[in-house]
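The following features are taken from TrEMBL:
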REGION    1-67  region 'Disordered'
DOMAIN    131-286  domain 'Amino acid permease/ SLC12A'
TRANSMEM  131-150  transmembrane segment
TRANSMEM  162-187  transmembrane segment
TRANSMEM  207-236  transmembrane segment
TRANSMEM  256-273  transmembrane segment
TRANSMEM  408-428  transmembrane segment
DOMAIN    409-686  domain 'Amino acid permease/ SLC12A'
TRANSMEM  448-469  transmembrane segment
TRANSMEM  547-565  transmembrane segment
TRANSMEM  571-593  transmembrane segment
TRANSMEM  605-629  transmembrane segment
DOMAIN    700-814  domain 'SLC12A transporter C-terminal'
DOMAIN    815-1068  domain 'SLC12A transporter C-terminal'
REGION    942-962  region 'Disordered'
Amino acid sequence: MPTNFTVVPVEDVEDGSNSPAASEENKPISLGKIFQDQENVDNLQESHSDDGQQESSPFISLDNDEEQSYDGKNMALYEEEMDSTPMVSSLLNKLANYTNLTQGVREHEEAEDGATRVTVMVPQMGTFIGVYLPCMQNILGVILFLRLTWIVGTAGILESFAIVFMCCVCTFLTAISMSAIATNGVVPAGGSYYMISRSLGPEFGGAVGLCFYLGTTFAGSLYILGTIEILLIYIVPTATVFKESNNEAMLNNIRVYGTCCLILMALVVFVGVREQAGFSKLFWLINYFSYLKMENAPLLCSVCLLGNRSLRGEMIQSCSKMEVVKNVSVRTNLWDFFCTNETCDEYFLLNNLTEIKAIPGLLSGIIKENLWSHYGPAGTMIEKENHYSVPAQVPSNDKNKYFVFNDITTYFTLLVGIYFPSVTGIMAGSNRSGDLRDAQRSIPTGTILAILTTSFVYISFVVLFGACIEGVVLRDKFGYSVNNPVIGALAWPSPSVIVIGSFFSCCGAGLQSLTGAPRLLQAIARDGIIPFLHVFGHGKANGEPTWALLLTVGICEIGILIASLEEVAPILSMFFLMCYLFVNLACAVQTLLRTPNWRPRFKFYHWTLSFLGMSLCLSLMFICSWYYALVAMLIASCIYKYIEYRGAVKEWGDGIRGLSLNAARYALVRLEEVPLHTKNWRPQVLVLCKLDADLSVKHPRLLSFTSQLKAGKGLTIVCSVLEAVCLGSLSCEPSNLKQAMAAEKTKGFSHVIVSSSLRDGFSILIQSAGLGGMKHNTVLMAWPAAWTQHRESSARRNFIETVRETTAAQQALLVAKNIDSFPDNHERLKEGTIDVWWIVHDGGLLMLLPFLLIQHKVWRKCKMRIFTVAQMDDNSIRMKKDLQKFVYELRLDAEVEVVEMHESDISAFTYEKTLVMEQRSQMLKQMQLSRTEREREAQLIHDRNTASHSSMSDKAAGATSDHVHMTWTKDKLINERNKQREGMAVKDMFNMRPNQTNVRRMHTAVKLNEVVVRKSKDSELVLLNMPGPPKNKKGDDNYMEFLEVLMEGLDRVLLVRGGGREVITIYS
């Protein structure tokens, strides 16, 4: 029934309350009229903009157009944001029409055949049909029918109970974790893969998803092998291709028939089967209730023992050596088997035949004998304990084929791996989440009830089998002693019920695996996280995964060629256990992180239970088979790394992202607690990048050098400044930086800020980039090679201020000259040297940088050389020894050389170079001054004219003067004087003498440059101490000249200025 409400007019209540119009307009209006579709709202808003009369009315009338007009006006305050913030009605409509298809499935299928699909109502199933029965059907399967009695007989009741209990507890804890994840929002079709990938991220999701796919595929192999084993041993034992009686011939028969069965099932799946398991839904019920016959009942079947050894039932007509026929004692057919050429088997002659009950019943006391394990190597005869037997002196191996014996070596861990696949059906309900009426209610209830039911069934079967069935019969894996599967002797009304039921159950389970595995692979392929699986996302027009089916059949054939349930079962167990492990991990991570989106409706969970389930899964993996466990982990790790490096980037709000955020926060807080020790110091680099006219990085080799210096370790912040007045210009900048970083393989963070000037922007970055203990301590920038070309000298000022700011912030500064000639990450320097010119000590960064560079493969073959300068008063020999010892204690592999620089007179070249430098600086100052004065004069004239015009317009009517009076002002007088001084200054410029301080500094730069060029001209990289800027800013004009002279004639130079603290130590 629709909800109605009344809109009451606000204005003129007293005047309009009694009018007919007002009473008509106060009629109730339904919500369906108010909350219209978004397109109608937009159209109505446009129509209302043209009709001012309608907008002025506060009432709602009966006219349909006027009602729509009110709807449009009602949300006019939000109309400009309708594209990004839709109406609530639109949101609710989308939620009501939500489809359970995984993301992109429908669009992918429509794009594939070029036609829009018609929406089909998805069948809605409840808890019992949709979850409980599928889980029961998958759990009660081939292992129950064919191997559970053998496991109980071999391991004994106590150890079998431990095996079943461990596996059931593992699946129960996993079901609790799965229920919490499944009820934390809508789970589309995709089941466990969707839950794991969206909880732990695409890397874990893809790795575990493929493992789950492989497990499901090998499960198909397991069920097909069970089907063929039932067919060839119990239903049609004569239908063999290879007639030999040895074990290898049996394996070949299984391979042939298994391959044929696989092809037949694949064709059925390809055509399309909706009820693949319909044949087996009633048989497990018959099998479950058959245990009611396990009482002290009449003899159901018997076993013939020779001595204490069990004989094969197919050869026995009468369990005796002699029988009476027409009052005459004659030999039975057993003599024909054990006696040839009048020579009888010694063991046959020494021992008597005994017939015992195969199922003596609960009151027989057989439970005492079946409590303990009976493990043994392959070929061991199955013998009854405490039964009289006379051993033969000479064993006869050719007669052993008539006895029942172990075909494989048995031990506890093997039985765990064989049994675990019998409890791996707990995901059947979650895999059908798209077909459930209420998945968040049905999945927890149905799955947990199914696990509790099947756990009770398995545990009760373990106890009842051990308490009712003879031990030699339990240890008879294939039921040779009773000519039927052992569990078939319990069936009512005939053993054929179990044989036929288990046959169709295995067929149905195999079909389900061959149907579910390709769809799982298709879901992974369509998610796009693994590039090479893209082809498997395609299928037929109806969405059937054709290519994925072909791959599944190929992998399934591998399991069939193994031709042994005991060999395939541990492989299957590994992949399922890994899947369950990550389900528990996902629940534990989400619970511990307490993310706001973690709000499961299922409340009966705890992170300790999830960790216990995860630990149990990991333990069971290594218990089943440690080498299979390592192989499964290696496969998952390879898939994980492949997705990490080559897979598509997906952000699914996974728990690993939240875990990383928590770990980062914790680490940052810890880093702030104590000051950083010298041993832990490493360069945390802030890279100052400039952009060209196309908003691309001007010097991309700066990023390459950063990655070579860092070798992927430590903090790297690549930043740039965009000259603009608003943030709207920031749209494409971060992506440009990220693309450049990706191209140069630089790992780090990118940051772009908008500032009115480059100077202010870089100043902000130097002061505020980073967070807490992860702030940068080193600034890397390129040498402004074009600083001499800028008349306003902005590049020069920006560089010098950057040097001053890094010094004030106690940060190291690296300046790379000719950065575009530095090697990129693809080059390999075959030989060469990295020369360090250690002039002054500012923390040891100058010697640490070459060591870090040599760690990278680009510079790995370069040698390190350290040069230092000795003055006249220094003992160069002693100085070299001390330096060698210091380098040795620093554990650096470097050559050491001391260069002597003798006192010499200042050359005419140095004097002239200093003079030219000062003249150039003086000329630039004058040019800058004259330009500034011209700008001020033009602005002054503009202001005067503007003021004069406004004063004239304010006058009343009157005659204007025809003459313009030109008067001298004070500003004009100053300007004229400045012009005269400028002319005089240009004349005096050629008569000036250089400053003596500048001459001495130029002399140092020239002499040091001569030594560096002579020693290191052919080196791959030269590292120099960078002198600081003058404290008096009047000397800034000459500072850049000194640096240019110092680096003149060198190709690759890195100027290094320490941050004022020690960064390298001789102590461990």
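Backbone N, Cα and C atoms are what each Cβ position is placed from, and that goes for glycine too.
Predicted, not measured: the structure shown is a model, and the values here were computed from it.
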Proximity verdict for the transmembrane segment (571-593) and the transmembrane segment (207-236), three or more C-beta pairs under 8 Å: yes
Selected stretch (most C-beta pairs under 8 A with the transmembrane segment (605-629)) from 162-187, 207-236, 256-273, 448-469, 547-565: 162-187
Stretch-averaged pLDDT - the domain 'SLC12A transporter C-terminal' (700-814): 82
Long-range Cβ neighbours of the transmembrane segment (547-565) (under 8 Å; 6 or more residues past either end): 142, 146-147, 214, 217-218, 220-222, 224-226, 229, 251-252, 254-255, 258-259, 262-263, 266, 269-270, 418, 513-514, 517-519, 521-522, 525, 535-536, 538-539, 571
DSSP-derived helix, strand and coil totals, residue by residue, for the domain 'SLC12A transporter C-terminal' (700-814): 57 helix, 23 strand, 35 coil
Closest-packing stretch to the transmembrane segment (256-273), where packing means Cβ pairs under 8 Å, from 131-150, 162-187, 207-236, 408-428, 448-469: 207-236
